[in-house]
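Report on one structure; see the data block that follows.
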Amino acid sequence: MKKLTSLQLDALAENGNIAMGAAATALSNLLGHRVEITTPTLTYTSMGKIREAYPVPCVLARVRYSKGIEGSNMFILSRCDAGVIANMMMGDADLPVPEVLDELYLSAISEAMNQMMGSSATAMSEMLGRLVDITPPDLTYVEDLSTQEKQIGEFALDSDEVIKVSFDLSIGDYVNSTMLQVLPLEFAENMVAELLGSFTDGTEEKVEEGVKEEAISADEGDTIAEIGNISMGAAATALSTLLDNRVNITTPRISITTLRQVREQYPQPCVVVNVRYRTGLSGENVLIMGEQDAALIAAVMMGEPTDGPLGELDEIRLSAVSEAMNQMMGSSSTALAEMFSREVDITPPVTEYGNPAEEADLTVNIDDPMVQVSFRMEVADILDSDLIQLIPLKFAREMAGVLLGAFAGEEENHDFAQETEPVVEPLLPNVEDVEPVMSTEPQDWLQESSPESTLPEERGLQLDLIRDIPVEITGLLGRRKLPLKELMAAKAGSVVELSCPADAPVDILANGKLVARGEVVHYNERFGIKITEIMQDWKRN
């Protein structure tokens, strides 16, 4: 088989650099340590020579591609490097690495490789411009690769020529080593053809030509901009009420784009809001907001400071942003109803966090032309950024056509189904209905509290708007840190002693945050918690 040229080898090395850069980021997030996988060095060799070079215990990870690319490749990690990664995943990087990696270690390493190779496949998808997916990596632990007789997938014959890619692997101050990637020649040739072909097949020019052919007219563009101006003006008013701050969403700018171009141009990660119309209009659109913008809005809604480092977008903050978007889109649909002189209603917006092209739930292909409406969004003196709206071209034209038709005197009749609001039953029982399990004295201040001690009236409306944010309540009896060996030795009937006394109050957590304490009670053949103390710093009086 003919060897690859220097240009082809360079392309293969660059592919490894990008793919393993993404894998290193995934592993770094998983371990909580800085990870670098760099400096790919390519050499022609054979499986026999690789076996001879590894007369030590090691972990083999075979990765098969299931979509986008055909073939497989293999990664080789030394026992020591693999053991350190597993120790980090189990919470103690300083644990000694065992002489033989058991199933627990291999399971941890398998999960690490799964995360790494998943991120690597995503990076390759972006390079090739199509979905690339893998099957879960297949791990094998061998004591001595030089004497390994078992067939290793496609790497069976010692005389088979392969390409060996050596990467420098560093993990914090714990690992400074080498990781090997082994590519069969046929797979390497196919990969090079895909890589070099993706740069020379003129895909981008074809997309741009297709977009120009589908461009909207000047009247349609002006109408779509006006629709955005009015609907986002109403959305800004709703957000202003929610945040108790001045909000402006103005200056819509219209352009034609594709999901591929948005993915390349818009910062990642970001918050993606999918909006579907169920009455009045038949279509969908997407709003894209930057990660920091969403974190700032969540901080304002939760009463957190905005002049310092913002908290990460965890579940409770995403819930806050989702509720804000729900309020904004509800007001937007009301404005559209007035504009179109018909009832316009939407399904609850679905908020996702991640890659805009992947999280956008639209019935379009990645290269289909779309209308992009870019708004300038200002929140008081704390935010000045862009909010992106993506509308499938067909739906955008339909909206413009309806409005232009209304201006020309055309009318349409529509029937709408009436919906009734469900009756919401209270989740918390009356205090009189519960039976104490553990006796703890309630705090004096609680006995003296009265219904008059409520939040100021001017904040009532703001609270009403966020009352539907879902909050997960957890009752925490206590904690205990155990060595892994003690946990593995536990069996049915074993007792784990917790750190708190038996008569200590139970912590009540809301999405992981301590908000109150109480005592365990029986209610309707279930356990409950009777609140005896509410944390003052959480109430924010």
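Please read every residue number as a count from 1 along the shown chain.
Backbone N, Cα and C define each Cβ position, glycine as well.
Features as listed in TrEMBL:
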- 8-44: domain 'CheC-like protein' (DOMAIN)
- 106-141: domain 'CheC-like protein' (DOMAIN)
- 222-256: domain 'CheC-like protein' (DOMAIN)
- 318-353: domain 'CheC-like protein' (DOMAIN)
- 465-535: domain 'Flagellar motor switch protein FliN-like C-terminal' (DOMAIN)
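Non-local neighbours of the domain 'CheC-like protein' (8-44) in the same chain are 85, 88-89, 93, 111-112, 115-124, 127, 161-172, 174, 179, 181, 183, 188, 191-192, 195-196; each lies 6+ residues outside the stretch with a CB under 8 Å from one of its CB atoms. Within the chain, the domain 'CheC-like protein' (222-256) has long-range Cβ neighbours (under 8 A, six or more residues past its boundaries) at 211-212, 214-216, 297, 300-301, 324, 327-336, 339, 369-380, 382, 387, 389, 391, 393, 396, 399-400, 403-404, 459, 461-462, 465-466.
If you average pLDDT over the domain 'CheC-like protein' (8-44) in this model, you get 87.
Taking DSSP states H, G and I as helix and E and B as strand, the domain 'CheC-like protein' (222-256) has 22 helix, 10 strand, 3 coil.
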